[in-house]
Amino acid sequence: MQVTAPRTVLLLLSAALALTETWAGSHSMKYFYTAVSRPGRGEPRFISVGYVDDTQFVWFDSDAASPREEPRAPWIEQEGPEYWDRETQISKTNAQTYRESLRNLRGYYNQSEAGSHIIQRMYGCDMGPDGRLLRGYEQYAYDGKDYIALNEDLSSWTAADTAAQITQRKWEAARWAEQLRAYLEGTCVEWLRRYLENGKETLQRADPPKTHVTHHPISDHEATLRCWALGFYPAEITLTWQRDGEDQTQDTELVETRPAGDRTFQKWAAVVVPSGEEQRYTCHVQHEGLPKPLTLRWEPSSQSTIPIVGIVAGLAVLAVVVIGAVVAAVMCRRKSSGGKGGSYSQAASSDSAQGSDVSLTA
């Protein structure tokens, strides 16, 4: 896992519930946490971000003037004050837990107090069309490198080095994986279903991409063809170039999918082609919002104008989202208090979406 936080960038089953709905495709809920130490400049900064699919819905920053769990999507604002008080308290407690973990890991690696260090965690669940758990995950990084991760069996750990093995032994003694599994199979999926219902107009939509091909001469002999996909949701999309029907994957420059700033995404794929041979190249676009895949060619008589303003806005939002795409801590033990709204289960009403307790220190 790769990270950044403030200045560094992170590039890291409820069987008893009677199911009355199904969802198209799979959906996910993820939490991303980052803690960054800054010697001589106060306590470490702690940031947490929650996502349902590709939509950010909550945010917490310990550096805020009055740190609170904050809504980042209209549909989450309907949760009652008990929800926000509970989530705020969990995030504040986690901020302290991560400060302790930063001290512990600095000791494990025999590092001085002078440098800045980062802990990241990402956890969450993927849910299938039947509303049940597809997979759960929990991953940790330290200073941008893998540290420890929960295996796919949700009962064992993979430690990256001898320092991480110290954490592994602590967590095995505390039976931490069992608690995580209970959260991932139960509470996580229940809250995800609740959020998908409450935010179905936005979370379960499929906006097709607006597509075009642009032409950029490099020299008298070569030009770049760039295939654009703009304004689509969800983020999953496939762009491929072909020459006379043969894939040009190895010769394609493909950027990561980027947020556009309006709750949609953008992406492009480019190939360098010999001048005069542009019509031998086709761009192929596949997305959930399209009734069938698109095939595009460059049209010399109608050179497309690139919507620069939207792309620049998307890059600005990307900087914010990348800070938000930081990795996370799981809180798994259940406790009953709070939560309004939702009709799926008592657990979803009483337990925190993040889990109801703070995580163990590393």
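Glycine is no exception: its Cβ is also placed from the backbone N, Cα and C atoms.
Going by Swiss-Prot, these are the annotated features:
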type	residues	note
COMPBIAS	343-362	compositional bias 'Low complexity'
DISULFID	CYS125-CYS188	disulfide bond
DISULFID	CYS227-CYS283	disulfide bond
DOMAIN	209-295	domain 'Ig-like C1-type'
CARBOHYD	ASN110	N-linked glycosylation site
REGION	25-114	region 'Alpha-1'
REGION	115-206	region 'Alpha-2'
REGION	207-298	region 'Alpha-3'
REGION	299-308	region 'Connecting peptide'
REGION	336-362	region 'Disordered'
SIGNAL	1-24	signal peptide
TOPO_DOM	25-308	topological domain 'Extracellular'
TOPO_DOM	333-362	topological domain 'Cytoplasmic'
Practice item. Please compare the disulfide-bonded residues CYS125, CYS188, CYS227, CYS283 by how many other CB atoms fall within 10 Å of each one's CB, and tell me which has the fewest. Key: CYS125
Review point. Taking DSSP three-state, what's CYS188 (disulfide bond) in: helix, strand or coil?
Key: helix
Review point. Which of the recorded positions ASN110, CYS125, CYS188 has its Cα nearest to the Cα of CYS283 (disulfide bond)?
Key: CYS125
Point to revise | ASN110, CYS125, CYS188 screened against CYS227 (disulfide bond), Cα within 10 Å - retained recorded positions | key: none
**Study point:** Within the predicted model, mean pLDDT of the topological domain 'Extracellular' (25-308)
**Key:** 95
Check your understanding: If one measures from the C-alpha of ASN110 (N-linked glycosylation site) to the C-alpha of CYS188 (disulfide bond), what distance in angstrom results, rounded to a whole number?
Key -> 36
Check your understanding: Looking only at the domain 'Ig-like C1-type' (209-295), what are its DSSP counts of helix, strand and coil residues?
Key -> 6 helix, 52 strand, 29 coil
Review point. Three states by DSSP: which one describes ASN110 (N-linked glycosylation site)?
Key: coil
Practice item. Using all protein chains in view, find how many other C-beta atoms are within 10 Å of the C-beta of ASN110 (N-linked glycosylation site). Key: 7
Practice item. Pull the DSSP breakdown for the region 'Alpha-2' (115-206) and write it out as helix, strand, coil residue counts. Key: 39 helix, 29 strand, 24 coil
